[in-house]
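*Asks:* Summarising the annotation, TrEMBL assigns region 'Disordered' to 1-27, 109-149, 221-258. Marked as compositional bias 'Acidic residues' by TrEMBL: 1-11. According to TrEMBL, the domain 'Fibronectin type-III' annotation covers 30-119, 149-238, 260-314. Per TrEMBL, the feature compositional bias 'Basic and acidic residues' maps to 222-238.
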Amino acid sequence: EELPLPSEEPEPEKPQTEAPTSEAAPAQPVLEELRVSSVSPDSVGLQWSVPKGSFDSFVLQFRDAQGQPQALPMDGESRSVTVPGLSPSRRYRFHLYGLRGRKKIDHVSTEVTTAAEEPEELPLPSEEPEPEKPQTEAPTSEAAPAQPVLEDLRVSSVSPDSVGLQWSVPKGSFDSFVLQFRDAQGQPQALPMDGESRSVTVPGLSPSRRYRFHLYGLQGGKRTDHVSTDVITEHKPEQPQTEQPQTDPPHTEADQGQVVLGKLRVSSVTPNSVGLQWSVPKGSFDSFTLQFRDAQGQPQALAVDGESRSVTVP
């Protein structure tokens, strides 16, 4: 049983007909009401509810403007997501699947048409935002009377292939964040995060390279504020790549006995997905990043919040 491509119309009775084969059938959770919470020219915010039971994880599937299937994995506590990087005035069909282990238990779908392109849209990560833009735009935003403030985008860690960033929200709150930058090939990249996030680790970077990061705070699909910073990744250490997992930990806080990441184990395997679990026997982490290479050899990364202990890679 594999998840259908986002362009395929799920059969309404599928979750019910498959349930008897699932171990979770006696207490089958229910997923309902996939609704649109925000729409902009390049993003869509979605919300859903789980009126009965609970899921281990969710996967949102859709096809991008080029017709390529895309998937956003989320932990089982999630009830909302902002999908960035969309095209304006375009119809998208989103399918949200609730999973238990490696089995799809239930799904909901919805169709959304993105807004027409606005004169002022999120700049590409390589462009320098104007410092006064958030203030000059505020009067046109519905949220202007209680506009939240985003500040202090600072570097918390730097390695040859990753950068850790932190920020603060001294006033108000955001629905979500999007971090934008250009990779070593000059391609724009975007990392969506929920509104509670205050840090992120950006993986898959190239050593000894300058990156410009733009963090946007969104409310109701609208950018409300942004902060930017420049970071140069470290020089690549002279050591075999196979030895990195063993040689890296001494440089982290774990060697002082503050934080320990336990065993990474496989919880489920299907032809097109893998479920992973891990433990944190001591201390706590702000976030996790799972890195791997896809079938084409391209590096991929999944950002996971610090409370998570499992993820399904679709």
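Every residue, even glycine, has its Cβ placed from backbone N, Cα and C.
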*Asks:* For the domain 'Fibronectin type-III' (260-314), would you mind checking the mean pLDDT of the predicted model?
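*Replies:* Within the domain 'Fibronectin type-III' (260-314), the model's average pLDDT equals 82.
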*Asks:* Would you list the DSSP helix, strand and coil counts for the residues of the domain 'Fibronectin type-III' (149-238)?
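*Replies:* Within the domain 'Fibronectin type-III' (149-238) the tally stands at 0 helix, 58 strand, 32 coil.
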*Asks:* With DSSP as the reference, give the number of residues of the domain 'Fibronectin type-III' (30-119) in helix, strand and coil.
*Replies:* 0 helix, 58 strand, 32 coil
